[in-house]
Amino acid sequence: MGVVGVVTWLTSASAVGVAVFTAYLYSSLPPGVTEPRKVFIIKGFVRTFYFLGWVHQKMGFGVRRLRPPRRASHPNLEVTDASFDGVRVRVYKPRAQKTATSTGSKMAGLMWFHGGGWVLGSIDECDGQVGRIANRSGAVVVSVEYRLAPEHKFPVPFEDCLTATQHFLQHAAEFGVDPTRIGVAGTSAGGNLAAAVALRLKKEDTLPPLKLQALVYPALQAFDFQTPSYTRGRRYFVLLHPNAMMTFWIRYLNNNLSLVDMFSNNGHTTALRKSRFASYVDQHFLGHSVPRSTPNEDVSVDLPDDLKDILNPYFSPLMAEDADLSGLPDTYVTVCGTDVLRDDGIMYAKRLEMAGVQVRLARYPSGFHGVMSFASKPFYLEVGKQMEQDLATYLRDHL
Ligand SMILES: *[C@@H]1O[C@H](CO)[C@@H](O)[C@H](O)[C@H]1NC(C)=O
Ligand SMILES: *[C@@H]1O[C@H](CO)[C@@H](O)[C@H](O)[C@H]1NC(C)=O
């Protein structure tokens, strides 16, 4: 084959490749998404990155993190980097003195834990978003640079978030913040960390109680990977495939990636199927007309050492006992129609409500996991923008 032949062959092969890829992307776009062209572009990028990541992993490399974008400018905020008992944080303080939410001269405060599956993300990457939330809610927001898995597995990321939150509760006055008006919030893995910190601080009676928890498409359990939303995610997803979510859980737990297959058919919790833990992740809570399963008290509630944190509520908050849920602060939960984690959020909201907690469940049927990252120019989706505004409004009104 001459040079011309090779070039022609390569061109045709790439054209076919692109056509197949495009057809695949269109056919797997979830029904119900709005602005399909933009979602198509996002999904194209994500699939390409997944593919490169997969090749990278097959070649035996570990986690590679991309360099974060530069810091946004925040004309109406005073932004300072600090260390809270050894944990790096960035504090965003609205300059406008007369905010609707200031009590006397004191302001409300919010701890912010970024998403990224406990593995990715940083305070730089969520800088724009946190700035907008501080500005719109009028609260002093503390964004936490918790250490990441797999280098730092559970409980390190959780403990970093807890340490920073305790520090802020103790030193609120130094930031002009009323310590009785501090909440915790986060997206995805950050929602997991916020829920875990709220559960842990409930047991702390020397500090003022948290004012609220705001959980944006949170990851709350690693017990059942066959909830309806996980099952639907095998066919329809934009940013987060079920295997990617299980991989994130495993990196946070023990970094033994050979567990993915076992997780995907729930082999890791087969022995606990009649335990009380199974009744905490019950489809009954999704509003389906199935009665809540009754656990068999004789069933063992143990897992092997390398898996046992799956039952730890600071690792998976849905594993908390009903008694641990009651008395939690006011709660805001965001769920998206296209998200393997949708049912985690709905079940937690339902269980909290049954435990007597004030809960608002905000549903975005046309949204997908991660959509709140697309909330501002130059590239945004209406549903992402709306979600961020609704969150800021809730924070402004409830902190
Ligand atoms: C948010 O920023 C706008 C300008 O972009 C400013 O007018 C407003 O006062 C700020 N809000 C708060 C609560 O700081
Ligand atoms: C990883 O998990 C597999 C499956 O449970 C197990 O056989 C193997 O021993 C584990 N590897 C390590 C290093 O723990």
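Going from the start of the chain as shown, residues are counted 1 onward.
Yeah, the Cβs are placed from backbone N, Cα and C, and that goes for glycine too.
The stretch that TrEMBL tags with transmembrane segment, taken from the ranges 39-56, 237-254, is 39-56. Distant neighbours of the transmembrane segment (39-56): 21, 25-26, 28-29, 33, 64, 238-239, 241, 244, 368, 374, 381; these residues of the same chain sit at least 6 beyond its ends, with a Cβ under 8 Å from one of its Cβ atoms. The secondary structure of H369 (active site), as reduced to three states from DSSP, is coil rather than helix or strand. Mapped onto DSSP helix, strand and coil, the domain 'Alpha/beta hydrolase fold-3' (110-257) counts 65 helix, 25 strand, 58 coil.
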